[in-house]
Amino acid sequence: MAKFVFVTGGVVSSIGKGIVAASLGRLLKSRGYSVSILKLDPYLNVDPGTMSPFQHGEVFVTEDGAETDLDLGHYERFTDTAMSRLNSVTTGSIYQAVINKERRGDYNGGTVQVIPHITGEIRERIHRVAANSGADVVITEIGGTVGDIESLPFLEAIREFRGDVGRNDLAYIHVTLLPFIGTSGELKTKPTQHSVKELRAIGIQPDVLVCRSDRPINEDLKRKIGGFCGVPNRAVIPALDADSIYAVPISLEEEGLCLEMLDVLNLTDHDSDMKNWVQLVHKLRNPGPAVKVALVGKYVQLNDAYLSVVEALRHACLTQDASLELSWVCAEQIETHGPENLLKGMDAVVVPGGFGNRGVDGKIAAIRWAREQRVPFLGLCLGMQCAVIEWARNQAGLTGASSAELEPDTSHPVIHLLPEQQDVVDLGGTMRLGVYPCRIAPDTLAQKLYGEEVVYERHRHRYEFNNSYRNLFIESGYTISGSSPDGRLVELIELKGHPFFTACQYHPEFLSRPGKPHPLFRGLIEAAQLRLPASPDEALRRQSQTNISAQEKPSRIG
């Protein structure tokens, strides 16, 4: 039978509940326990798929095509375990399910109420994750802050859950903040005390307090917090601000979080294998030469809008012994100031996904600059579509070429709506979503990077390359290096003769992991490193490779 851990947060929002949940998952997995993590979000949207990135950050897509909270990306990256649509629950989806049941008559004419129907549906979703995943431990993060009206049904549901499984099979973690007041020179515990008081009023006594702070927490303070909040001193876990989110599991392990959880849940403490993770953090803190990467996007004012892209770049830099020097470039600024002024000196350019025509001309200009200046380029989803438009206009002779999404009346719709999307009216959950296979063409950069004939990648799009222009693109120099197995959909393109120029219709960033970077991102960083001034050892290695290549070339004499 599964064990259950519930993670709540208090005092302020964005306290780091998701990282705590993901870190605990990492620590449990390092001891041989299987883990699944789900997020309960208190907003009324059915899912975040139609929400603005400025409101919510990126939308993370699961293998089965769910559009979910970005925290699921943290869960997958930390535990290296694929989540599903069951791992993302919103108030909107709960109410939708309950109302549908009421309309079908499932409640036999009874009055439908928050208790027991809404809370019962929430509990059922948690049980469903346990049954579907078969995990030893199911960790549930409750979104929002204790005291919010929106979170009350979720908190009541996890209180009731204790009756479902018994007290020895679940644990409550409360993440809170200890603010430092400069005038008094002290970390203050009163906000934490009041947050726990709110939680107790609901009927939940936390087993562990994870206390965020920007400076060390001494034993006297831990005793004070434990005494006022009713937890053992050892269960007051300091969580100091870290230089990287990947350092948090190590910090929490040193403070005893996992041992305390194992004790509460009556689980055996197996030997922990965190060696690779410790090495990863060491490399993060001791990086190699910086690689300058420009991320050209529409939503660059909010870094979380491209969270998985940034993490994928970090993973690639880690493996390549490089440090990431990221420049956030607003696509609209390129339209105003030109690409040369904003991209000069960059070692690589990434154009990620997005929607709408704002900033598209800037993205196209950035892609043209990368192509002509021979700067390594990677396009993702809309980034591939912009690369197609750029080539059509400037190399294939298709004046005015565009996407049917951006310019419905364009004379050359090189990007058009997928046939199966023609009659779709609703926006939410109706795109081409989730994992689809892609067949890699032989003798291509893609084949070199992947080393596979067929790969499986996550998608989120309605528009696709228009095959009416396929032959023209090939004849003008484009290489279609990846397609759907039936050859109908173009998934991956590249340019031969360029140091690194490739773009894909899918989202490879969702599959990148610490220590296991996605091949496309690793290839980009590897190509970018070739632009860096070579160290003496590296220069010697490159010269050696050049000499070997020259010896292998057939003679042209005679």
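Cβ from N, Cα, C; glycine included.
Residues or ranges marked as UTP binding site by Swiss-Prot on the basis of sequence analysis: Ser13, Lys188, Thr189, Lys190, Pro191, Thr192, Gln193, Lys224. According to Swiss-Prot, the Mg(2+) binding site annotation covers Asp71, Glu141. The annotation domain 'Glutamine amidotransferase type-1' is assigned in Swiss-Prot to 292-534 on the grounds of sequence analysis. The region 'Amidoligase domain' annotation in Swiss-Prot covers 1-267 and is backed by sequence analysis. The annotation region 'Disordered' is assigned in Swiss-Prot to 536-558.
Residues Ser13, Lys188, Thr189, Lys190, Pro191, Thr192, Gln193, Lys224 are listed as the UTP binders, and the farthest two of them sit 24 Å apart at their Cα atoms. The predicted model assigns the region 'Amidoligase domain' (1-267) a mean pLDDT of 95.
Sequence-distant contacts of Ser13 (UTP binding site), defined by Cβ-Cβ distance under 8 angstroms and a gap of at least six in the same chain, are Gly144, Thr145. According to DSSP, Ser13 (UTP binding site) sits in a coil region rather than a helix or strand. Listed in sequence order, Gly10, Val11, Thr176, Leu177, Leu178, Leu209, Cys211, Ile225, Cys229 are the same-chain residues six or more apart from Thr192 (UTP binding site) with CB atoms under 8 A from its CB.
Rounded to a whole value, the Cα-Cα separation of Pro191 (UTP binding site) and Glu141 (Mg(2+) binding site) is 21 Å. Secondary structure at Thr189 (UTP binding site), as computed by DSSP, is coil. Around Gln193 (UTP binding site), the C-beta neighbours below 8 angstroms that are at least 6 residues distant in the chain are Ile225, Phe228, Cys229. Less than 8 angstroms from the CB of Glu141 (Mg(2+) binding site) sit Val7, Lys17, Gly18, Ala21, Ile37, Leu38, Lys39, Leu40, Asp71, each of them six or more residues away in the same chain. With the fewest other Cβ atoms inside 10 Å of its Cβ, the least crowded of the binding-site residues Lys188, Lys190, Lys224 in this structure is Lys190. Annotation for Thr189 (UTP binding site): same-chain Cβ neighbours under 8 Å, separated by at least 6 residues, are Leu178, Leu221, Lys224, Ile225, Phe228. Around Asp71 (Mg(2+) binding site), a 10 Å sphere centred on its CB holds 25 further CB atoms from the protein chains shown.
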